[in-house]
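Data first, discussion second: the structure below is written as structure tokens.
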Amino acid sequence: MGFRKKSKSPPVLSHEFVIQNHADMVSCVAMIVLLGLMFEMTAKFAIMFITVQYNVTETLDTEDKPEPVSYYTYGPKDMATVFFYLLIAIILHALIQEYILDKINRRLHLSKTKHSKFNESGQLATFYSFSFIWGCSILTNEEFVTNPTFLWEGYPHIHMAFQVKFFYICQIAYWFHALPELYFQKVRKEDIPRQLYYICLYIFHITGAYVLNLHRLGLVLLVPHYLVELLFHASRLFYFNDFWIVQTVVKRPGLCLSRRFTLWALLFVITRLLTLTVSVLTFGFGLSRTDNQGFSLAEGNFNVLTVRVTCLSAICLTQAWMMWKFINFQLKKWREQSQIQASKKKAVSPKSRPSKKDSRGETFLKVIFSLVLI
């Protein structure tokens, strides 16, 4: 892991050397890009990696005087910007891991499986919280709350505000950075397929919304989804912390801690229904009834039946897959709780329970003792 002090250095360019020092290597690449701004010959190329490209200025007619307003579109140069912020995401990932999560892990003394899940939840909870706050701040400037038809009115939405485009650039860069992190973090082989599934789904859906000029719909769907995922990973972090307290302080390993996920389970189902409702409303009723129908790469218009059906099918299949995983997760938790309750019942010895004969004998002695006193 980057930024760590190791007593024994592994061979140069070996797997262990790259894993331990990958953040330092990535920092050097990012510094080279930043140094390119200092020279006139390389500044034009370096600025393509750092700043948001494809600026478009339009003039809005107001009562007093015309005001210029800056918007942004997308293009091939965005790949360079995504690459640079991918490097920044790797560096931030290493910093959070080294200075926050590793210090907490040393105190908790978790097993290898729980250690891996704790690191995953710590990283994702940080990202989801930041993205949720950022997405809410963008939506407060939009008209979705008062006018939901802004999702499809005026399509194609080729012009984006700076915050919207930079939000999507950072989202795409983060989920692309998660692919090499599977190697840098030494993720277990049995966990790689699960993480690859949701990483690829994020890249597919976010990039699709960005390229198809559906950034309004994508933003509206991402914000509640990130809230639900934030609750899940925060609950799992608290679960591991409570697990450590139960095991070390309370010393009751059978104590049930799964109530942390109750709120998440409720909001998860509500969010899936909300996602399906908004998607069907947008693709089935909104875009299908707009005047601007057709397919044009130059204009950024993808409002044809094939694209609408494909997008709606992808969203519905993803929601169905997530519900299937959710049901399996709940069944697994239910089996664990039933096993814990069964073990508690077995722990109660039958000798500790008073028999019917003993209870009758005790009542008989009490009656005799009361008569003697009279």
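Each Cβ is built from the backbone N, Cα and C atoms, and glycine gets one as well.
Fair warning: this is a prediction, and the values are worked out from it, not measured in the lab.
Sequence-distant contacts of the transmembrane segment (82-101) (same chain, at least 6 residues past either end, Cβ-Cβ under 8 Å): 1-4, 22-23, 26-27, 29-30, 33, 49-50, 118-119, 122-123, 126, 169-170, 172-174, 176-177, 180-181, 184-185. As annotated by TrEMBL, transmembrane segment applies to 82-101 (among others).
In the predicted model, the domain 'TLC' (116-337) shows an average pLDDT of 89. Annotation source TrEMBL lists domain 'TLC' at 116-337.
Per TrEMBL, the feature transmembrane segment maps to 196-213 (among others).
The transmembrane segment annotation in TrEMBL covers 219-240 (among others).
Under the heading transmembrane segment, TrEMBL lists 261-285 (among others).
The transmembrane segment annotation in TrEMBL covers 305-324 (among others).
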Which stretch, 196-213, 219-240, 305-324, tops the Cβ pairs under 8 Å count with the transmembrane segment (261-285)?
219-240
What residues elsewhere in the chain lie close to the transmembrane segment (305-324), defined as a C-beta under 8 angstroms and at least 6 residues from its ends?
201, 204-205, 208, 212, 214, 221, 269, 272, 275-276, 279-280, 283-284, 287-288, 295
